[in-house]
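For reference, the structure is listed below as structure tokens.
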Amino acid sequence: MRMIDIIEKKRDGHTLTTEEINFFIDGYVKGDIPDYQASSLAMAIYFQDMNDDERAALTMAMVNSGDMIDLSDIKGVKVDKHSTGGVGDTTTLVLAPLVAAVDVPVAKMSGRGLGHTGGTIDKLEAIDGFHVEIDEATFVKLVNENKVAVVGQSGNLTPADKKIYALRDVTGTVNSIPLIASSIMSKKIAAGADAIVLDVKTGSGAFMKTLEDAEALAHAMVRIGNNVGRNTMAIISDMNQPLGRAIGNALELQEAIDTLKGQGPKDLTELVLTLGSQMVVLANKAETLEEARALLIEAIDSGAALEKFKTFIKNQGGDETVIDHPERLPQAQYQIEYKAKKSGYVTELVSNDIGVASMMLGAGRLTKEDDIDLAVGIVLNKKIGDKVEEGESLLTIHSNRQDVDDVVKKLDSSITIADHVVSPTLIHKIITE
């Protein structure tokens, strides 16, 4: 088999066999196939696309290129959730203890964040003493006993994906549905998930700007999952504004605690209930989405979800008293109100700009080596559709420096107030095939 034949076959719009895809992935990871041939195939895939069988084969070839996490000692159906990312996306912090409270095992591997705010692990490390460096045996034991644990990423998972991802970045092949879908799904499958729930974001603050593109990606990932024996569902949710009100690590953790108490922002609560219902159904803990939703609401109302979060924090060395004493979380030195320059209705909150403003305060990383300031960030006091009076606070800047002129300048271009009302949609579609 020769790589040039595989490139020409895809260039001419033909279907690659599983053997050909395996040959490419295997050779590329070993270093036998050079970058210039791999980038040539990536471009051919970009223009000619792949069918469902090719996409599934590419995903599994990437899974098999490295280690796979074995979660077979954990009882029950392991359901993992993946979000394509957004600003203020606090869902994992709420979802993990919430679905665990209704007996769904959550064995979460998480990374540190690059970009606007930290990843799930950074947010949890805002809790004094919390750690994710636990060995596999402890991880399995914690999930079996308490239904939820979070561990840092380890092992050599999907090395093929890492290489192809870096290559796509510099060869103009990032926006290819088969390449994005196989990249995301290979990581989830390698991490040991039996079933997968996907939150595909669309809108100005999302990777997929249009609903059409988001749908195409959601269908692609759901089909890959179902084709390789992992029950998969997706929802398409809106990222035309940040989710919830908090952007920043300790601030988002506080918001997660509020949400588990039933006092969280409406949009975050709704998204969590929608995603959580799918997880509960896929874990065979409820027959219908309606029944699953009722179980989750009951877990919040009864305090079971909050109790689960406490035990989870304690199990991983954290100070669980922060649940009842949020003032023990890292606090920024200055709270600066950003006020409306005119009266009207909020019609636009540019997610990415608000995310960047939060990063300028120190809430996120530009490079892997950067330190994060866990206390800083932004809290939105108004969301799209809200009425606002001139001089009223639109958002609060939590900062450890007094001079935030650069941040204010960034925010000036990210908020629009007009004289008409805009009603945002949160959940656009649910995709099951």
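Using N, Cα and C of the backbone, Cβ positions are placed for all residues, glycine too.
Taken from Swiss-Prot as is:
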type    : residues                                                   : note
BINDING : LYS81, HIS82, SER83, THR92, LYS108, MET109, SER110, THR120 : phosphate binding site
BINDING : GLY88, THR90, LEU243, ALA246, GLU255                       : K(+) binding site
BINDING : ARG168, LYS187                                             : substrate binding site
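All features noted in Swiss-Prot, drawn onto the structure.
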residue : record                 : contacts (Cβ under 8 Å, 6+ apart)
LYS81   : phosphate binding site : THR91, THR92, LEU95, ILE196, VAL197, LEU198, ASP199, LEU275, MET279
HIS82   : phosphate binding site : ILE184, LYS188, ILE196, VAL197, LEU198, ASP199
THR90   : K(+) binding site      : LYS123, LEU243, GLY244, ALA246, GLU252, LEU253, GLU255, ALA256, THR259, LEU268
LYS108  : phosphate binding site : ASP80, THR92, ALA96, THR120, VAL148, ALA149, VAL150, VAL151
SER110  : phosphate binding site : THR92, GLY119, THR120, ILE121, VAL132, VAL150, VAL151, GLY152, GLN153
ARG168  : substrate binding site : ALA42, VAL174, SER176, LEU179
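Neighbours of the phosphate site: apart from LYS81, HIS82, SER83, THR92, LYS108, MET109, SER110, THR120, residues of the same chain with C-beta atoms within 8 angstroms of the site's C-beta centroid are ASP80, ALA96. Across the residues the record lists as binding phosphate (LYS81, HIS82, SER83, THR92, LYS108, MET109, SER110, THR120), the two Cα atoms farthest apart are 13 Å from each other.
Less than 8 angstroms from the CB of LYS187 (substrate binding site) sit LEU157, THR158, ASP161, each of them six or more residues away in the same chain. Of all the binding-site residues listed (MET109, LEU243, ALA246), MET109 has the fewest other CB atoms within 10 A of its CB. Using a 10 Å radius centred on the Cβ of SER83 (phosphate binding site) and all shown protein chains, the other Cβ atoms total 20. GLY88 (K(+) binding site) sits 20 Å from MET109 (phosphate binding site), taking the CA atoms of both as reference points. If you draw a 10 Å sphere around the CB of GLU255 (K(+) binding site), it holds 26 other CB atoms from the protein chains shown.
DSSP classifies THR120 (phosphate binding site) as helix under the three-state reduction. A sphere of 10 angstroms centred on the C-beta of THR120 (phosphate binding site) encloses 22 other C-beta atoms.
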